[in-house]
Amino acid sequence: MSGPLPARVRVRAPGKINVFLEVGDVQDDGYHDVATAYQAVSLYEEVTATASDDVTIEIVGTSTVDVEGVPTDERNLAVRAARMLARVAGVTDGVHLAVRKAVPVAGGMGGGSADAAAALVACDALWGVGMPTADLARLAARLGADVPFALLGGTAVGTGRGDELSPALASGRFDWVLVPNSTGLSTPVVYGELDAHRERHAVDIGRATRAPAVDPDVLHALRQGDAQMLAATVRNDLQAPALHLRPDLARVLERGEGSGALAGIVSGSGPTLAFLASDETAAIDLQVSLSAAGYPALHVHGPVAGARVV
Ligand code: ATP
């Protein structure tokens with residue numbers, strides 16, 4: 001890369017909703033094969049990178065996001081992303097990462113993954129690495145299953161652990177109302193609950209006879225930009241275990257569906273609930289009525305772009 005390097009780079013990366021998530025049997029290594037359709041939505045993490053001797057991080061929340069409990073050491077995914085890029089690219093400089101979180105923590109919307117994707121893009125620009133996108137995507141997959149999608153954005157199908165991506169055709173825009181929850185759910189705990197349920201009912205359920213796959217009707221609805229059609233096909237295998245762990249969420253789902261949502265779904269491993277509205281006006285109405293009922297509701301839309309310098 002030629003020319004002077006920037007003193008500061010700001011990148012934003014979106015949170016995601018899994019509009020379809022089928023979970024296969026647990027593998028010998030404890031992980032599950034999944035088939036998912038991701039949609040990136042207009043709730044963004046923002047990472048500002050400035051030159052520094054070491055790799056350091058500060059995290060601030062927004063009015064709806066409590067960042068207490070988010071690690072600010074080597075466990076933070078954004079720190080790991082910066083260190084990994086430096087190692088692979090032979091960079092000896094450090095970076096200070098200022099992270100502004102708008103995606104709920106442990107909310108099933110891939111907030112930490114978005115931070116990692118944003119940190120990769122920001123450090124790549126700050127250090128003048130110029131790494132090809134495909135190589136950045138490979139680093140992203142080493143950081144976590146949802147990180148490659150936060151880099152790519154838009155609409156995509158994820159297989160394997162969710163990290164083997166193929167972009168999906170999509171048209172139009174989908175309006176969602178999100179209801180975050182102040183107490184997060186741990187992704188491994190939700191998968192563990194799913195395994196325990198399948199174990200208890202092994203005789204009735206049996207082992208899966210095929211690899212998980214995204215329902216073609218979901219892809220058709222996304223291609224058509226048809227919210228009614230999508231509402232009829234959304235599915236999340238983590239919803240039942242998430243509701244089992246957090247029965248209070250069922251009441252919120254009912255409230256949203258009774259207030260005009262076309263469909264309500266647990267986002268990823270939860271506990272954020274995502275309600276699909278027929279259009280922007282319906283989403284605003286739904287947001288108002290959920291807020292009036294005492295639920296903190298956010299109106300977002302998708303699909304939006306992946307991690308980008310702003
Ligand atoms: P996913 O949907 O990808 O499973 P999530 O949205 O449910 O993830 P995150 O907010 O990404 O959950 O983070 C889950 C946990 O990861 C947190 O409780 C925290 O301990 C740890 N973590 C590591 N780095 C970060 C980060 N940058 N932001 C938030 N959490 C982080």
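Residue positions begin at 1 at the first shown residue.
In case you wondered, yes, glycine gets a Cβ from its N, Cα and C as well.
According to TrEMBL:
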ACT_SITE  Lys16  active site
DOMAIN    76-154  domain 'GHMP kinase N-terminal'
BINDING   Pro104, Val105, Ala106, Gly107, Gly108, Met109, Gly110, Gly111, Gly112, Ser113, Ala114  ATP binding site
ACT_SITE  Asp146  active site
DOMAIN    219-294  domain 'GHMP kinase C-terminal'
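Taking a C-beta cut-off of under 8 Å and a sequence gap of six or more, Asp146 (active site) has these contacts in its own chain: Lys16, Gly110, Ser113, Gly162, Asp163, Gly268. Taken residue by residue with DSSP, Ala106 (ATP binding site) is part of neither helix nor strand, so it is coil. Listed in sequence order, the residues of the same chain lying 6 or more apart from Gly112 (ATP binding site) and placing their CB within less than 8 Å of its CB are Val70, Asn76, Leu77, Ala78, Val105, Gly144. Its Cβ taken as reference, Gly108 (ATP binding site) is surrounded by 31 other Cβ atoms within 10 Å in the chains shown. Shown in sequence order, Thr64, Val65, Gly111, Pro180, Asn181, Gly184, Thr272 are the residues of the chain, 6+ apart in sequence, with a C-beta less than 8 angstroms from the C-beta of Pro104 (ATP binding site). Per-site Cβ counts within 10 Å over the recorded positions Lys16, Ala106, Ala114 peak at Ala114. Mapped onto three states, the DSSP output places Lys16 (active site) in strand.
Listed recorded positions: Pro104, Gly110, Gly112, Asp146. Those with a CB atom under 6 Å from ligand 1: Gly110, Gly112, Asp146. For the domain 'GHMP kinase C-terminal' (219-294), residue counts in helix, strand and coil come to 44 helix, 11 strand, 21 coil, using DSSP. Within 8 A of the CB centroid of the ATP site residues Pro104, Val105, Ala106, Gly107, Gly108, Met109, Gly110, Gly111, Gly112, Ser113, Ala114, the other residues of that chain are Gly15, Val103, Gly268, Thr272. Residue counts for the domain 'GHMP kinase N-terminal' (76-154) under DSSP, split into helix (H, G, I), strand (E, B) and coil, are 46 helix, 9 strand, 24 coil.
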